[in-house]
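Enquirer: Please find one structure pasted underneath; my questions will follow.
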Amino acid sequence: MVGASTLAHDVRLQALRLYLVTDQFCAGGRTLADVVAAAVQGGVTCVQLREKQLNTRDFLAQALALKDLLAPHGIPLVINDRIDVALACGAQGVHLGQSDMPVTQARRLLPPEVFIGWSVETLEDVARSAELPVDYLGVSPIFATPTKTDTLPPWGLEGLRQVRRATTVPLVAIGGIHVGNAREVLLAGADGLAVVSALCAAQDPCVAALRLRQLIDAV
């Protein structure tokens with residue numbers, strides 16, 4: 001079994017429980033700030049800014065705005081991929097995919113208190129994580145999802161159970177998760193749920209987050 005990273009203690013599991021990943025295209029004309037603010041009121045515990053279509057200047061501006069929004073609530077901001085933006089805005093975390101900067105290089109660049117998440121798409125990735133300074137693993141995708149199509153076939157619940165048996169590192173499940181399947185994903189071994197369209201596309205992100213948070217807290 002892969003053991004937890006020496007840095008894993010820096011990530012409180014509670015902060016990973018309901019993890020919003022932004023997607024402006026799902027927001028239905030609303031600003032990201034409006035969606036995030038509503039979701040925070042509903043109980044989101046972590047927010048990842050993932051807007052790959054933005055140029056560096058706009059991405060940084062969005063990151064700074066979200067950090068200001070989240071700070072009074074003590075909710076960590078995670079930056080997807082962009083180490084430079086994470087450093088510039090003082091983000092609390094960074095999430096890296098398989099094609100992003102290698103984790104070991106990112107760790108050298110980031111302050112020790114900044115936590116790192118890493119997406120895993122195969123059991124080989126999970127095994128490799130034992131040698132990496134990662135604080136949580138993003139298991140992606142659990143179910144098929146239209147918000148991210150450049151991935152391998154979905155893990156499914158049994159795949160998630162296999163990952164849980166293979167590692168003690170905290171697991172955040174993402175991909176096609178909603179109120180109808182959230183409980184079974186948690187019971188399969190996820191420590192937290194990352195959601196995109198379930199909140200960003202919701203008519204009322206506050207109510208949607210509240211429903212998810214109630215399910216999570218009941219498990």
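A Cβ is built for glycine as well, from the same backbone N, Cα and C atoms used for every other residue.
Found this in Swiss-Prot, in case it helps:
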type: BINDING; residues: Q48, L49, R50, E51, K52, N80, S119, K148; note: 4-amino-2-methyl-5-(diphosphooxymethyl)pyrimidine binding site
type: BINDING; residues: D81, D100; note: Mg(2+) binding site
Enquirer: Below 8 Å Cβ to Cβ and six or more residues apart, same chain only. Which residues does that give for Q48 (4-amino-2-methyl-5-(diphosphooxymethyl)pyrimidine binding site)?
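Expert: Result: Y19, L20, V21, T22, L77, V78, I79, N80, G93, H95, A194.
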Enquirer: Have a look around S119 (4-amino-2-methyl-5-(diphosphooxymethyl)pyrimidine binding site) and count the other CB atoms within 10 A of its CB, chains all included.
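Expert: I get 21 for this one.
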Enquirer: Residues with Cβ closer than 8 Å to the Cβ of D100 (Mg(2+) binding site), same chain and 6+ apart in sequence?
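Expert: The list for D100 (Mg(2+) binding site) reads D81, given in order along the sequence.
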Enquirer: Near the Cβ of R50 (4-amino-2-methyl-5-(diphosphooxymethyl)pyrimidine binding site), how many other Cβ atoms are there if near means within 10 Å?
Expert: 21
Enquirer: Return the count of C-beta atoms lying within 10 angstroms of the C-beta of E51 (4-amino-2-methyl-5-(diphosphooxymethyl)pyrimidine binding site), excluding that atom itself.
Expert: 16
Enquirer: With an 8 Å cut-off on Cβ-Cβ distance and a minimum sequence separation of at least 6, pull the same-chain contacts of K52 (4-amino-2-methyl-5-(diphosphooxymethyl)pyrimidine binding site), or say none.
Expert: N80, D81
